[in-house]
Each structure stands twice: as structure tokens, then as C-alpha cells.
């Protein structure tokens, strides 16, 4: 069937016009929601309880400061005695204890509000420390200072100076943790009561320990000088009261691979890869090879690349050789490409225009799109009340409609003549 270039074009133009005449107002894009951040680790319940009590105590100070301090001392003392333990003050304090975004605080306050009220009205005198009464004794979320774990066991070094004052007792003050002492640099032992590796006792008494660093590679020493070494760190050896570096590369301690060589460093060693030209080596570069790798040959004291392309290694028709480091490759000569293992001549197509490869139907679609865009643009300008463009638009629609009708008439006449 012959192509029908403008079939359906008039309905398309009418739809285009109605679309532009009924354009809605601007559509505002809503900002996309922020990406979900990684969940944060929840704080230990004891830390939440401590923060709640700290905020409660600040609220007590705030309510006194905001409600009194006007200068009339007698009146303030009379009113303060009534306000101090009143329900009004408690409500004011509790309202400001948790920030709006602190979910953990709000959850804990909801669970413990009755306990706080009981302490406020009945237990303040016998238990003035709200933290101890609420967090440790009642809710059992915390332990006294210097203790840890479900049973509030003493930290190493005792409750008065956990970890000797030179470390942190894991879980101290909470119902969790292992009680292990994380000692400061230079200190060691179960309760951080000793000097660690590489440090010596510079000062010690019944309550005080000062650990200072040994000289460089010393592991144990009696003082800061090099001659004070008693034991050396790994990779060093004590020689005439001094620590000297051990050359592991000359011993069985160095365990490098067959394609590596050993390099001594201070207190240790490292293995580095041999050069590509080497099949085993004693050092860096092609001049330290034990044997040459395939594709290399001994030239003097070095292993150098063999140029395989100097001999006929690419016998295929229209092939040429390219030398590479330690090898070679066969490629097709310029103007040829590889196909099924052989080099065939490339067929360079003659230059063709943009429309040369388009089918007739594709040309029809492109034609319709072009005319549609022009008419839609004219319709938009005409819809804005521009008389000139309105006239042009009406004329264009009329011309296109006439063309479409004439094409249709031609097809009807052609069918009649052919006896359709």
C-alpha cells in the first residue's frame, strides 16, 4: 500500500491546539526526601538515665531562678518553702526534661514518671541523690562509680581508683561491660599498675606511678638512655648493652616467594617483586636476575627484551608483528581487519546523506513530526492573542487541510480509475 503522508495530521493539529489553549498553571516539583541515614547506635540505658537526671537537676535550678530573685527576701522565703516541693514545680521541671527529638529520654521518662513523683513527694529527705535512687537502686540501670556489670562488681584497682587512675574500666557505672582495664599509653597490667612494654618506672609511691619511654628499640629498660636497655624489641638484638638491627634477609627468618627478593628494614624486612625480565632475582632491576624470563635474553649482566619481530613470526597474509615487553603479537595491517582468524580487507562504505538509509514510512513520520511542531508553535502564539500569528496559524491549518483533502481525493480518483 502506498504511504499516506498526512493521514491523521488534522486531528493531531486540533488536539495540539486544544492542549496549548488549556495549559494548566505551573507545576512545582516537590523536593525529594533526604536519603535515609545509617541508624545510630542507641546509648546505654544508664547513660540515658544519667542525662535525664542531669536535665532534671538543671530544671530545679531554672525554676528557682525564674520564679524568685526579685529582692523581697522575706516574701521569697515564705513562698519558696511552699513552692520548693510543690506539684507545680515538679510539672514545670518535667516538661523541660527531654528535648522534642530525644526519643530515648521520652521513653525512659514515661516508664519512670511514677517513680520520680514518689521520690519528689516522699523520698527526697532519705535519698537526696536522685541518680542513685532512680537509676541505680530503683531501675537498676546503673552501678555506683568504680563498679560494673549486672552485680555491680568492683573494677580492677578498687572502687576508689578503678584501673589505678591510669585507665578506663569497661562498663564502669553501668550494668554492662567486662570490667577490663583499657590502660593509657605506657601503662599495663590487670589494673594498669605496671609500666608497659617499652616504658620504665620513672617514679612510684603508694598512690602515684610515672612511666616514661625507653630508648628507641628497647622493650625493657632501667632508664631513658640507649645503654639502659635490658631487652630489645622483635627484630633487634642486644649487643654490648645496645639494641642493633637484625638483618633478617641473611637468615632463615625471611620467607619471600620465588619471584621476590628481600629488603631489610629497621626491626623487620619486606619482600618485593622481581623485575618482569627475571626468573628469580637477588635484588631490584634486570641486572639482579638469577635467570632470564621467557622473551628475554642475557646481554652482559642484564636480561633484556628479545625482539621477536626480527624473525618471521607472523606468517599470515596481511599480518604484521608488534613487539611487546617479553613477547610479541600479530595484528592485521592497516586497512584490514581480523575475521575468522584471517585478515580481510575492510569495506569502507561510500558517504551517504542523513536520509539515505531511511525508509519511506520513516520519512512520512519525520514529515508529520516536523509539520506538527511548527503548527503547535503557531497555535501557542495565537492562543496568546497575537493577531498576526493567529492569521498565520489559521492559514497554515487551512493549507495543511487542503493538502490532506487533495491527497485523499487523488487516492479516491486513482482507485476509481483502477476499478476499486
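In case you wondered, yes, glycine gets a Cβ from its N, Cα and C as well.
Annotation source Swiss-Prot lists signal peptide at 1-29, citing sequence analysis.
The feature topological domain 'Extracellular' is assigned by Swiss-Prot to 30-362 (among others), with sequence analysis given as support.
The motif 'CXXC' feature in Swiss-Prot is assigned to 46-49 (among others). Same-chain residues lying 6+ beyond the ends of the motif 'CXXC' (46-49) with a Cβ under 8 Å from its Cβ atoms: 104-105, 108, 112, 131, 134-135, 139, 141-143, 173-176.
Taken from Swiss-Prot, the feature disulfide bond covers 46-49 (among others). Neighbour list (residue 49 (disulfide bond), Cβ cut-off 8 Å, at least 6 residues apart, same chain): 108, 112, 131, 134, 135, 139, 141, 142. Residue 49 (disulfide bond) falls within a helix when secondary structure is assigned with DSSP.
Summarising the environment of residue 169 (disulfide bond), the number of other Cβ atoms within 10 Å of its Cβ, over all protein chains shown, is 25. The disulfide bond annotation in Swiss-Prot covers 155-169 (among others).
Sequence annotations record features per position, and here Swiss-Prot assigns disulfide bond to 163-181 (among others) based on sequence analysis. The Cβ of residue 163 (disulfide bond) lies under 8 Å from the Cβ of 155, 156, 157, 169, 181, 182, 183, 191, 192, each of these being in the same chain and 6 or more residues away along the sequence.
DSSP classifies residue 192 (disulfide bond) as coil under the three-state reduction. Counting every protein chain shown, 27 other Cβ atoms lie within 10 Å of the Cβ of residue 192 (disulfide bond). Taken from Swiss-Prot, the feature disulfide bond covers 183-192 (among others).
If you look up Swiss-Prot, you'll see 205 marked as N-linked glycosylation site, on the strength of sequence analysis. DSSP assigns residue 205 (N-linked glycosylation site) to coil, not to a helix or a strand.
The average per-residue pLDDT of the prediction over the repeat 'FU 1' (208-255) is 93, rounded to a whole number. Marked as repeat 'FU 1' by Swiss-Prot: 208-255.
Under the heading motif 'CXXC', Swiss-Prot lists 278-281 (among others), citing similarity to another entry as support. Remote same-chain partners of the motif 'CXXC' (278-281), defined as residues 6 or more beyond its termini with a Cβ less than 8 Å from a stretch Cβ, comprise 258-259, 261, 288-293, 303.
The disulfide bond annotation in Swiss-Prot covers 278-281 (among others) and rests on similarity to another entry. Residue 278 (disulfide bond) falls within a strand segment according to DSSP.
Residue 309 (disulfide bond) is surrounded by 16 other CB atoms, counting those within 10 A of its CB over all protein chains shown. Marked as disulfide bond by Swiss-Prot on the basis of sequence analysis: 309-321 (among others).
All protein chains considered, the CB of residue 330 (disulfide bond) has 15 other CB atoms within 10 Å. What Swiss-Prot records for 314-330 (among others) is disulfide bond.
Of all Cβ atoms in the protein chains displayed, 20 besides its own lie within 10 Å of the Cβ of residue 343 (disulfide bond). Among the features that Swiss-Prot reports, disulfide bond is placed at 332-343 (among others), with the record citing sequence analysis.
Here Swiss-Prot flags 363-383 (among others) as transmembrane segment, drawing on sequence analysis.
Residues or ranges marked as transmembrane segment by Swiss-Prot: 385-405 (among others).
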Neighbourhood of residue 314 (disulfide bond), C-beta criterion under 8 angstroms, separation at least six: 320, 321, 330
Conformational class of residue 155 (disulfide bond) under the three-state DSSP mapping: coil
Closest of 46, 205, 281, 309 to residue 343 (disulfide bond), Cα positions, recorded positions only: 309
Spatial neighbour of residue 281 (disulfide bond) that is closest, considering only the recorded positions 46, 205, 309, 332 and their CA atoms: 309
